Amino acid sequence: MSEIRTFLLPDLGEGLTESEVVSWRIAVGDTVTLNQIIAEVETAKAIVELPAPYAGIISRIYAEAGVTVNVGQPLLDVEVAAPDGVGDGGLKDGGSDAADGEPTMPISVSGTGEAVRNGAGPANDATNDATDDATATGDPQPENLVGYGAPSEPGGGPVRRARRRLETEAIPIVSADGVFRSNDAERARSTPPVRKLAHELGIDLEQLAGSGEGGAITRADVEAAFAGRFEGQSGPGAAGPAASGGAASAATPTGAPADRGAGSGPAAAGTPEQAETRIPIHGVRKHTAAAMVQSAFTAPHVSCFLTVDVSRSLELLEELKAGWGRGLPPGAARPGILALVAQAVCIALRRTPELNAHWDEDAQEIVLYRAVHLGIAAATARGLIVPVIADAQALGLDGLAEAIADAGAAARAGTTTPAALRGGTFSISNIGVFGIDAGTPILPPGQTGILALGAVRREPREWQGQIALRDVVTLSLSFDHRVVDGEQGAHFLRDVGAILNNPGRVLGML
């Protein structure tokens with residue numbers, strides 16, 4: 001006997017209500033082991049790997065890559081072997097429902113549950129009774145927490161077993177455009193980034209002939225198909241070589257009419273089929289939008305600006321780089337202007353702790369934090385995220401440089417964890433990397449201060465009674481006027497500026 005268990009999308013942290021399937025690492029018919037990574041999903045904050053909650057054979061996948069799934073909705077079905085001696089709704093002798101290699105306790109997923117049903121029909125109550133009985137026996141089987149993994153077999157991590165195709169009817173799955181498809185056909189051979197690009201451009205990979213090794217569909221194939229759509233090659237039968245050579249031309253996007261005769265639509269052949277592009281709001285963009293609206297319409301923002309001569313800061317950094325470079329291993333982070341500004345912020349917050357605080361509306365209290373958990377805004381391909389450097393005030397200049405480099409690398413690679421995005425008390429946004437001098441940054445929800453660092457410019461300045469070219473930068477501070485008065489904001493900004501103007505004296509006292 002076997003039974004079908006349905007894996008529901010769990011709450012992956014902080015009450016997030018949905019996730020987008022980025023890629024599947026398995027297909028229908030695959031045999032998976034407990035805690036084998038089966039998929040990548042993108043929440044509003046990070047890309048998360050999902051482990052298999054059961055060992056068995058994948059019998060159904062409900063949503064393909066690119067589909068957004070709500071928490072509690074089904075992701076896939078797994079056919080698992082029923083315990084020896086168990087019939088429909090029954091228990092084997094001894095009252096335990098544990099099979100070899102299976103945990104005796106239910107899978108625990110925060111914010112969701114599981115649907116268990118017999119292969120011939122809906123779930124029956126005996127399954128739950130069996131679980132309760134097994135738990136009561138006190139079997140020392142640990143509960144498996146999805147996302148944390150279970151102890152692997154001796155000799156290494158989970159082992160992927162050979163694929164076995166199920167002899168079943170074609171199972172419909174929901175595509176990214178809402179169209180039901182049959183997954184009895186072989187999945188298009190492509191990598192997750194290529195599938196994601198195809199989804200964003202509205203290209204149906206099943207209609208493309210890949211130009212890569214072994215017929216794999218490449219990024220160039222997708223881009224050529226998209227370009228071909230605007231050259232009158234949008235019919236499903238148009239499969240000639242693209243202008244770039246080798247790549248097949250585009251097919252009609254999934255869900256679009258399969259054939260359009262001349263004059264049958266608003267756009268004639270050879271012209272764009274639509275005058276606008278609509279992009280679904282989800283993932284990081286959806287979270288960022290909600291956070292910015294919450295902050296902008298909750299905290300009364302005030303912004304002030306200060307232009308600072310940072311010539312001596314840059315000279316100090318060059319000296320430090322030259323001195324530290326001889327003792328640092330290759331690839332080690334060296335301090336830059338952002339790390340020095342972060343150090344200055346940590347020092348200045350000692351004198352103005354109201355900038356490192358939180359307005360507690362429910363308790364009607366202002367919470368002042370002793371530790372500085374510093375958020376560093378990062379622009380990524382997925383959108384804006386703000387990784388947090390915990391206890392930044394204790395790291396020193398070299399430690400901050402290393403932490404900022406690590407946080408930036410993780411953000412660009414898309415490996416920043418949800419935990420690394422929580423708990424910030426003050427933030428810095430380096431808008432200077434975009435060539436911008438100043439701005440009015442919006443506070444991350446719950447924080448009372450954020451500093452924007454502008455681009456370093458060479459400008460004529462008065463220096464020791466003469467006009468000289470100096471390196472200057474503009475600092476932009478936004479703060480919550482419920483917590484911080486203008487005087488306090490000005491003091492903080494002047495302190496940061498004074499440190500950057502003469503960093504050697506201040507850092508030498510630390």
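Cβ atoms are placed via backbone N, Cα and C, with glycine included.
What TrEMBL records for this protein:
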- 4-79: domain 'Lipoyl-binding' (DOMAIN)
- 87-158: region 'Disordered' (REGION)
- 118-140: compositional bias 'Low complexity' (COMPBIAS)
- 189-226: domain 'Peripheral subunit-binding (PSBD)' (DOMAIN)
- 232-275: region 'Disordered' (REGION)
- 239-272: compositional bias 'Low complexity' (COMPBIAS)
The domain 'Lipoyl-binding' (4-79), counted residue by residue under DSSP: helix, strand, coil: 0 helix, 41 strand, 35 coil
Mean predicted confidence [pLDDT] for the domain 'Peripheral subunit-binding (PSBD)' (189-226): 78
The domain 'Peripheral subunit-binding (PSBD)' (189-226) - residue tally per DSSP class, helix then strand then coil: 24 helix, 0 strand, 14 coil
